[in-house]
Amino acid sequence: MRLNGDSGPGQDEPGSSGFHGGIRRFPLAAQPEIMRAAEKDDQYASFIHEACRDAFRHLFGTRIALAYQKEMKLLGQMLYYVLTTGSGQQTLGEEYCDIIQVAGPYGLSPTPARRALFILYQTAVPYIAERISTRAATQAVTFDESDEFFGDSHIHSPRMIDLPSSSQVETSTSVVSRLNDRLMRSWHRAIQRWPVVLPVAREVLQLVLRANLMLFYFEGFYYHISKRASGVRYVFIGKQLNQRPRYQILGVFLLIQLCILAAEGLRRSNLSSITSSIQQASIGSYQTSGGRGLPVLNEEGNLITSEAEKGNWSTSDSTSTEAVGKCTLCLSTRQHPTATPCGHVFCWSCIMEWCNEKQECPLCRTPNTHSSLVCLYHSDF
């Protein structure tokens with residue numbers, strides 16, 4: 001007996017199951033069954049994640065457990081999907097909803113390579129992307145503070161390149177050094193632009209996820225991006241009902257929402273371009289007018305020059321960077337500072353993890369909830 005998931009439009013109906021030429025044709029799983037199975041899988045994976053986190057906390061302490069909470073989540077998800085999908089078995093959610101995975105044009109069971117690819121997309125890729133994003137943001141701050149080092153390396157690197165090459169070894173060394181210098185400068189520019197690119201990348205990712213969900217509501221094949229990338233579908237092997245609900249109307253709503261977001265994005269881009277052109281025109285007129293503006297005097301009556309203003313700004317910037325506090329839970333620089341109702345500030349991930357266990361402030365024990373936490377942007381204390 002062989003499974004066939006691509007049975008055509010007429011064979012996807014509930015009454016199309018049966019024997020035809022010795023082949024048992026099962027209908028494709030409907031959207032409610034796939035969504036229900038995904039919710040069950042997330043629930044059981046969270047159970048394993050909590051068990052791994054508790055074991056890790058008892059072994060190494062709360063501080064180290066908070067520092068490696070993302071790795072514990074990755075470990076829990078990997079264990080769940082490797083023990084189920086990786087071994088060729090149904091997950092608990094799939095077994096609950098009577099669906100199985102198929103792939104390929106003939107609707108056969110996924111190969112081990114395809115299952116491994118799905119597990120990698122489902123668990124490791126989001127973790128790696130988040131780690132790269134965090135590391136890039138940290139290095140962007142480090143590069144801003146060490147511009148002198150990169151300036152010196154940029155000055156000294158041409159001396160290495162301009163050395164006379166009298167042999168093949170010197171030529172290869174100069175080529176390698178030139179390539180290394182270009183890669184370092186490209187990496188430096190990319191890291192410096194990352195804080196600006198990150199919000200745009202997140203918006204694009206949200207649009208891609210919504211577009212995938214819209215396609216799922218229309219066609220009913222791939223609920224997750226990982227399944228679409230690996231080509232894993234579902235067929236229904238349970239008792240067929242007379243009416244299997246579909247979610248095309250939700251796809252229409254998502255399509256309307258995406259159109260509105262696209263129109264809003266175009267409007268914002270046009271407004272930003274118009275604003276930048278107006279600012280450039282005003283700056284140009286100010287520079288060509290020859291005026292230097294009104295003189296500004298300090299408390300002693302001396303004229304404040306541009307160099308003094310730059311010095312004051314640099315001093316204030318350095319003091320502001322030094323004033324950034326540390327989280328009392330992880331004892332490191334606060335990432336995404338979040339304030340509690342009582343006024344204490346922690347890392348977003350640290351205080352959220354704390355509120356999962358105890359809904360109170362770690363310092364003053366004031367009761368608080370997840371909804372009462374406020375993430376502070378463009379400021380820290």
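A Cβ is built for glycine as well, from the same backbone N, Cα and C atoms used for every other residue.
According to Swiss-Prot, the Zn(2+) 1 binding site annotation covers Cys327, Cys330, Cys347, Cys350. Taken from Swiss-Prot, the feature topological domain 'Cytoplasmic' covers 155-178, 267-381. Residues annotated as transmembrane segment in Swiss-Prot, with similarity to another entry given as evidence: 31-60, 62-83, 113-154, 179-219, 247-266. What Swiss-Prot records for 327-365 is zinc finger.
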Problem - In the chain carrying Cys350 (Zn(2+) 1 binding site), residues 6 or more apart in sequence that have Cβ under 8 angstroms from it - result: Leu66, Cys327, Leu329, Cys330
Practice task
Determine which residues of the same chain, besides Cys327, Cys330, Cys347, Cys350, have their CB within 8 A of the center of the CB atoms at the recorded Zn(2+) 1 site, and list them by sequence.
Solution key: Leu66, Thr328, Leu329, Leu331, Ser332, Arg334, Gln335, Phe346, Ser349, Ile351
Practice task
Any same-chain residues 6+ apart from Cys347 (Zn(2+) 1 binding site) with CB under 8 Å of its CB? Would you list them in sequence order, or say none?
Solution key: Cys327, Leu329, Cys330, Ser332, Arg334, Gln335, His336, Pro337, Thr338
Handout entry: Averaged pLDDT, computed only over the residues in the topological domain 'Cytoplasmic' (267-381)
Key = 70
Handout entry: Cβ atoms near Cys327 (Zn(2+) 1 binding site) (within 10 Å, other residues, all chains)
Key = 21
Completion exercise
What DSSP gives for Cys347 (Zn(2+) 1 binding site), in three states, is strand
Completion exercise
Taking all protein chains shown into account, the Cβ-based neighbour count within 10 Å for Cys330 (Zn(2+) 1 binding site) is 19
